[in-house]
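Below is one structure, written out as structure tokens, with a few remarks after it.
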């Protein structure tokens, strides 16, 4: 009798906001580096880690990924998809590890130096006393957390000054958070990194002959007519993605202006403290209250609330948490439940059916393929998180329908994407 061949799958944590040539390259190289047959992507849903709506809905972005090398796409629970880098990474790693059939995690980084990334991640995962005390001092001085962390690493002697600069690059930061999560969770994932080539993560410009950034693509799509920008952006996306862009409808921060302003006014009237929501401190809550009842766009509010201590993305996440009802209680319960108590399928290739069979046999968390009635199979934090997933996406779908006067399937009528 022939021995059954072991399946090899590499995990990728992504947002694909939107999908571009650099993402296709990453999937291809990840499979090569890991010697994997399958690429399992865990992806943000309709709202992303920087605290904004995704430019395209999660099913559109899933189809983009599957048509360009991904084999299975799962949704990062919405409670943590728009949270801090630490919580985002912890949830994504827990999700991949809970599948039981993913061997490795491959991420892009500006550094490409796994040894240095791992060394910093080990320090941050263990939090030695001298570092923790220095971090507390830096935060007390009013420094934003990223700058406070860098200063604490250097001042405490934990990291050389030249190595601390690694933490100034966004993909390095996320990569270190992935490594931290692997160490803290004792996850059975082999970490791999690919040096990021092309434009910087936040580069707003589209530069010929280079992989562009998703930021640059979003800017090009927003600042020109969605379809008239095709000649500008189509050099930077794979062929299947071009077709999806032509038939898809984008959303941006300010499409949620009315909902955000209404939520803030309603909570204020009902006497519900803004501090109840994730990422909202007492000081930030007071600043939000001071703005009421004046109407401002989403992005205007972010810029008005931004200070040296509170970064743009921190404010953006805080406002989104208020809009989506992401409370401190819910996030605490999610952490207690292990971050990822279920794995919701957004889409898969038919050729990945053997992999899903392995996940069902070896995984420690249930796979959700059908949303209708799925909630009844869960209790406690898992049920609350799943309800939040549905609620968040229904808000996104409501805005999409209102903006474009189109009919959009809801979470209970939309099927998973199958290619």
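Placed from the backbone N, Cα and C atoms, the Cβ positions cover glycine too.
What TrEMBL says about this protein:
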- 13-26, 108, 171, 196: ATP binding site (BINDING)
Residues near residue 13 (ATP binding site) in space but at least six apart in sequence (CB under 8 A): 41, 42, 43, 76, 89, 92, 93, 96, 105, 107, 174, 178
Tally every other Cβ atom lying within 10 Å of the Cβ atom of residue 25 (ATP binding site). 19
I want to verify one value. Collapsing DSSP to three states, which class is residue 25 (ATP binding site)? helix
Using a 10 Å radius on the Cβ of residue 16 (ATP binding site), the other Cβ atoms enclosed count 26
Within 10 Å of the Cβ of residue 22 (ATP binding site), how many other Cβ atoms are there? 19
So among the binding-site residues 19, 171, who's got the most Cβ atoms within 10 Å? 19
State the three-class DSSP label for residue 16 (ATP binding site), counting H, G and I as helix, E and B as strand, and everything else as coil. coil
